[in-house]
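Written out below as structure tokens is the structure these notes cover.
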Amino acid sequence: MTLRLHDSRTQSLRDFVPLVDGRVGIYVCGPTVQSAPHIGHLRSALAYDQLRRWLTHRGLDVTLVRNVTDIDDKVIDNARRGQEAGGTEEWWALAYRVELEFSRAYSALGILPPSYEPRATASIGEMQEIIRRLVERGHAYAADDRSGDVYFDTASWPEYGELTRQRAADMEAAADADPRAKRDVRDFALWKGAKPGEPASASWPSPWGSGRPGWHIECSAMSTRYLGAEFDIHGGGLDLRFPHHENELAQSRAAGDPFARYWLHNGLVAVAGQKMSKSLGNSLFAADLLASARPVVVRYFLGSAHYRSTLEFHDGALAEAEAALDRIETFLDRSARRLAGTRFQAAPAAPDGSPAAVPDEFAEAMDDDLSVPQALAVLHDAVRAGNAALDAGDLQEAASLRADVSAMVAVLGIDPLADEWRTASDQPARRALQALVEHRIAERQTAREARDFALADRIRQELAEAGITIEDSPGGSHWSIDGE
């Protein structure tokens, strides 16, 4: 069966045909490293990890680029607020610290490292080159107020709106720059002139004046720098479709680059039936999620829904994932013990070293726009059949089904017996630690409400000495283990 993917630009399922036979180039919008990672970031990264693993299983050589937006208004603003509160952290130090938090969270979930992970600040020259081309082609203009701002001229590009199928007249005003020198409210910033009071380290020289890049131009530059002017797949969260991806597509095509051939968008996360957002105060941070269950359980949960659907998080979600994974783990353990010492002990390896074959039904599900829920159904059917074979004493059938299960969990990155998960499998100890830490956090909150700040600070210090970091936010206090 041919792999088919849902292309957001055409709003249809399309047969996937690589630009270069046997090779695939994927660009995924990575995080803006302004604050700690949350469940939405993890869900998005995992969706494209599943895609990458499936393409690799099919024998394709995959190059995956996931960027880091380390220069942005939000990064600068968060650093400034920290300094106003008495901190000393510069914007670039904040960005690097948060970037490491993302890297640790991705690694904990078994998300494969990208082939390239460029920072925006390392591609300033490439961004300026695209802007120069746009100005020369009549699709961008420098503000005439000497601010140093450069804008994309949306009126000059008739195809603007093609990704989201919007008419220009119906689009909302671009909110990424000061509108004072725009020709049209929909014009968006390609280059932002330096403003009084901003750190000098957040500006670079340019033909239009000292400043920094706009958000959208960053991804156009980094994707084409590492994948070429035309590449296979551009991915990201559904919330990035407009304006970010719409603007990326317009400026790249207007600059003369064919750009991405397929556009994929993963769904968002709902918490207790509500869309997760900072404004609602219901953000679920990665550290809290990873502290509440084994990382392989979290991975199972995050990857269990179809990548385009909304992922529903509720109180029993991780317990359900734990139970499902336990069934797989129990069968793999049980079958390993029963088959030990028999002629069915080891699954035959492919003579050419290729990945173990998966059942046809599993492959058909994955080829159908990565239908992981259907693939998991095939996996659990195999587990049930394998247990039945063991009960009946049919070791040959049990061994065959065990090989199928092992191949499927390997493709999905959820093999509970893999070495990468063994270091985090001490669930009783984790539960005990979580209960103790949350009890101390509750005591600290009570002290703060009673304005006993000395006690609150002492509790925080005691936890810090034990290797526990507390992060306060409007939604409450969150904790993580130093180095994890």
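Yeah, the Cβs are placed from backbone N, Cα and C, and that goes for glycine too.
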Students should find that the motif ''KMSKS' region' stretch in Swiss-Prot, chosen from 5-9, 245-249, 275-279, 480-484, is 275-279
Could you tell me which of the ranges 31-41, 53-63, 196-206 is annotated in Swiss-Prot as motif ''HIGH' region'? 31-41
Near the Cβ of GLU248 (Zn(2+) binding site), how many other Cβ atoms are there if near means within 10 Å? 27
Intrachain residues whose Cβ lies under 8 Å of the motif ''HIGH' region' (31-41), provided they are six or more past its termini: 68-70, 72, 74-75, 78, 94-96, 98-99, 101-102, 105, 215, 237, 268-269, 271, 276, 283-287, 289, 302, 313, 471, 478
Neighbourhood of the Zn(2+) site (CYS29, CYS219, HIS244, GLU248): other residues with Cβ within 8 Å of the Cβ centroid, in order? TRP215, HIS216, GLU218, SER220, HIS234, GLY236, LEU240, HIS245, ASN247
Please compare the binding-site residues CYS29, CYS219 by how many other CB atoms fall within 10 Å of each one's CB, and tell me which has the fewest. CYS29
Packing count at HIS244 (Zn(2+) binding site) (other Cβ atoms within 10 Å of its Cβ): 19
